Amino acid sequence: MARPLDLQGDDEVVGTKGVVKKVEFVRIITEALYSLGYNKAGAHLEEESGIPLHSSGINLFMQQIRDGKWDESLTTLKKIGLVDEKIVKLASFVILEQKFFELLDKEKVLDALQTLRTEISPLSIENNRVHQLSSFIISPSQQVLSGVSGQGIVRVKSRTKLLEELQRLLPPTVMIPEKRLVHLVQQALDLQLDACRFHNSVVGEMSLLTDHKCGRDHIPSQTVQILQEHSDEVWFLQFSHNGNYLASSSADCSVIIWEVKLDGCVFLKHLFSGHQKPVSYISWSPDDHQLLTCGVEEVVRQWDVKSGECIRIYEKNGLGLISCGWAPDGKRIFCGVTDKSISMWDLEGKELECWKGNRTIRMSDLGITSDGKHVVSVCKENTIVLFEWESRTEKVIQEDQAITSFVLSMDNKYVLVSLCNQEIHLWDVQGTVKLISKYKGHKRSRFVVRSCFGGLDQAFVASGSEDSQVYIWHRGSGELVGTLAGHSGTVNCVSWNPANPHMLASASDDRSIRIWGLNRVNMKQHGTVTNGASCCNGRS
């Protein structure tokens with residue numbers, strides 16, 4: 001604890017809530033002026049308000065630090081109102097460590113040794129650090145970069161950096177934290193963003209002059225293109241990691257790679273027709289150069305995106321494959337198998353490992369975390385397992401209802417689970433697994449209907465639905481923020497472009513894919529293009 005500045009009227013408040021103390025408010029404004037380089041304005045505010053930024057003792061202490069008067073600064077430190085002895089010791093250690101390094105830097109090894117023995121060691125704290133400092137006495141050439149060991153040849157940190165470190169140690173009532181006003185403004189902006197249910201644009205567009213509020217027009221809600229090249233129900237689709245491509249698969253056994261042009265229009269690039277059964281699952285390689293496609297209980301094919309050629313076929317005798325995914329290094333793939341096992345293969349088709357038992361179920365999804373440590377799959381009707389294949393340890397998501405699909409967030413912190421009871425659950429899988437949100441409103445009774453994360457910072461959840469609509473929720477609040485009508489059949493799958501928060505794609509039983517963009521008032525109508533796509537406008 002520390003004694004605050006002794007000022008008259010320090011209980012006076014400003015603002016309508018009666019919680020902002022005038023003295024504190026003026027002090028952080030003064031600090032902001034100084035930190036922005038407006039020294040005359042800061043000094044004038046101190047003089048006019050009669051409220052000093054710091055006490056005379058703190059001002060003296062800071063000047064002594066800048067001047068390298070270490071002994072005097074330690075004396076002043078004990079007089080500035082600190083009552084917590086631990087803080088006094090920690091601050092003293094930081095000051096004396098700087099003194100130690102500056103002596104070494106001037107090649108005054110004996111003086112540095114004296115400081116270590118008679119001033120630093122008697123503090124009886126940071127023993128490991130004291131041992132490190134001793135090693136610099138033994139090997140003076142082994143100095144420390146910015147006061148941190150193990151980084152080669154070293155320079156002493158600046159006294160300005162030392163003051164910043166002390167500022168973090170001392171209570172804010174004694175020494176105003178650096179850029180405190182900027183920090184408070186940033187907090188206010190963050191709270192406004194959290195409260196905005198439609199925020200889907202870059203933070204740079206925010207202004208301090210007005211309260212932030214986005215409208216529904218920031219969410220994709222307008223059909224800007226219809227892709228109609230598939231001849232049967234479209235079951236699955238997924239944007240590439242870089243957002244330049246969209247892959248779709250269908251009950252017609254075909255797979256299409258669509259290219260997203262700079263103007264936002266989507267054009268057919270390749271049509272793959274090698275599968276003998278409907279294609280139910282797709283996975284992009286980490287570099288987006290290859291694509292894995294899985295026929296229903298059939299084989300997994302690897303395609304080259306540039307040439308459109310099938311590079312490899314992965315299969316197991318007497319068994320079918322039901323899902324697929326890439327290791328983050330792009331050198332291995334994982335496949336769910338109809339015997340409930342999961343196999344790992346190298347790119348040449350050699351099976352490296354197989355985890356048997358209830359590892360997956362038929363018509364199941366598969367996920368691999370970006371660190372490559374966990375394979376995620378539905379191991380029972382209502383259970384998802386996060387299997388760490390190297391240590392053989394597991395985390396489990398246990399649902400009360402049957403699971404129809406799931407997807408991992410890009411940061412691997414969350415799993416979005418679609419259930420047969422028309423709910424979507426968001427699970428936090430960092431540390432202890434816990435359910436944190438539920439999303440309701442869409443329709444599902446018979447089919448696999450997939451959901452996805454999307455938008456800026458994946459702040460939204462979208463899902464298909466059996467009522468032919470796309471549903472969008474705000475991830476944090478669970479509030480339904482949009483329903484997109486246009487399809488004439490069940491919407492089986494949705495995918496949000498990771499590089500463009502204003503582009504969403506949906507796949508339907510009506511044999512079409514819809515590209516959704518922002519609802520522009522002045523939509524320009526274009527004609528039907530030759531690749532089966534009706535292009536309504538450019539990039540939104």
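In case you wondered, yes, glycine gets a Cβ from its N, Cα and C as well.
Pulled from TrEMBL:
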- 54-111: domain 'CTLH' (DOMAIN)
- 227-261: repeat 'WD' (REPEAT)
- 272-313: repeat 'WD' (REPEAT)
- 326-348: repeat 'WD' (REPEAT)
- 484-526: repeat 'WD' (REPEAT)
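Proximity of distant same-chain residues to the repeat 'WD' (326-348), defined by a Cβ-Cβ separation under 8 Å and at least 6 residues beyond the stretch ends, is recorded for 283-287, 290, 292, 294, 297, 300, 302, 312, 314, 316, 319-320, 354-362, 364, 366, 368-372, 375, 377, 379, 387, 389. Taken residue by residue, the repeat 'WD' (326-348) breaks down under DSSP into 0 helix, 12 strand, 11 coil. Within the same chain, residues 267-273, 275-284, 286, 288, 291, 293, 295, 303, 305, 308, 448, 450, 489, 492-500, 503, 505-509, 511-515, 531-534 sit at least 6 positions outside the repeat 'WD' (227-261) and bring their C-beta atoms closer than 8 Å to a C-beta of that stretch.
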